[in-house]
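A short worksheet on the structure shown next.
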Amino acid sequence: MTTTLTLIRPDDWHLHVRDGAALAAVVPHTARQFARAIIMPNLRPPVTTAAQAVAYRERIAAAVPAGVDFTPLMTLYLTDNTPADEIVRAQAAGVVALKLYPAGATTNSDAGVTDVRKTYAALEAMQRAGMPLLVHGEVTDPAVDVFDREAVFIDQVMRPLRRDFPELKVVFEHITTQEAADYVAEADAHTAATITAHHLLYNRNAIFTGGLRPHYYCLPVLKREVHRLALVKAATSGSSKFFLGTDSAPHPAHLKEHAAACAGCYTALSAIELYAQAFDDAGALDKLEGFASLHGPDFYGLPRNSGTLTLRREPWQLPETLAFGDAQLKPLCGGETLDWRLLA
């Protein structure tokens, strides 16, 4: 039995860090494990310009503990009105991607895209620049069942998008279904996907076991076991199309434990340990380094990291709560025991 595991230092290709005091509370958790992270732009107001992204990057950098090497990779929030020349400014400022949120699909997405065709000028500029598009892949039509919105998105949005922009790099973010895993596996080399730790570890029963458990509520929502197994198969396949993206999404505990609970699981505290658990459960620890450390930078055209981190098979208990500005934050699996621990 493997007792220690050393990996090239991984990156997180999908992360929420919020802003202000909340940002200061969570950035150190990610920086301890990951060399880089793609930062989501869904603040209030959203990060829609290169200048806003640069300012946000500076605020994140200021929260990184002294002596820790961590680089935030910035994104812009795509809207119906994003001009093509903003893509040029963004690339010049070091912004690495744009994020497409269908309007109303998730947290702070009300300023998102109402019709993908309205973004075609920006997408053409991105295709020319080689800048990836990161997609929250759910339709928002209220007539479509919440558990079917990802599968419907593939036919209604992804296929036409890929047809019209065949050279555009597209990341299908936080996939949750067998349909999405199959779609990405069968697509060309310009299409990839991120997968979260919680979608690898849990199916939708986790939300309801022993009562309603809001800290397991996220968007896209957890799905049936058949879909979880398909995600595990994809993540552990060794395919370079699939890579790590936590979608760690912190919310104050009182807004999670609420009549209208916020969507999002906070996994950044123990992200790499959770992924190690999922890969260990699948008997595929040998595939974790590719998924966590290699496939993402290769797709983005960035250098692989040179440092390493080491995990040890050592049971440890996650804290139940964390400080989060003036509030508390409850990590996923808080108070529970994990089998793998990151060595300091």
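From the backbone N, Cα and C atoms, a Cβ is placed for every residue, glycine too.
Since the structure is predicted, the reported quantities are computational estimates derived from the model, not experimental observations.
According to Swiss-Prot, Lys99, His174 bind Zn(2+) 2; the candidate from His136, His190 that the record adds to this site is His136.
Cross-referencing Asp247, Asp280, Asp281, Asp286 against the Zn(2+) 1 binding annotation in Swiss-Prot, which names His14, His16, Lys99, picks out Asp247. Per Swiss-Prot, substrate is bound by His16, Val17, Arg18, Asn42, His136, Leu219, Ala263; the candidate from His199, His251, His254 named for the same site is His251. Secondary structure at His14 (Zn(2+) 1 binding site), taken from DSSP and collapsed to helix, strand or coil, is strand. Spatially close to His251 (substrate binding site) yet at least six residues away along the chain are Cys262, Gly264, Tyr266, Leu329, judged by Cβ distances under 8 angstroms. DSSP classifies Ala263 (substrate binding site) as coil under the three-state reduction. Non-local neighbourhood of Val17 (substrate binding site): Leu23, Val26, Val27, Thr30, Ala37, Ile39, Ile60, Ala63, Pro72, Pro250, each in the same chain, at least six residues away, with C-beta under 8 Å from its C-beta. Cβ atoms within 8 Å of the centroid of the Cβ atoms of Lys99, His136, His174 (the Zn(2+) 2 site) belong to the same-chain residues His14, Met40, Leu100, Tyr101, Thr106, Leu134, Val135, Gly137, Glu173, Asp247, site residues excluded.
In this structure, Lys99 (Zn(2+) 1 binding site) is part of a beta strand by DSSP.
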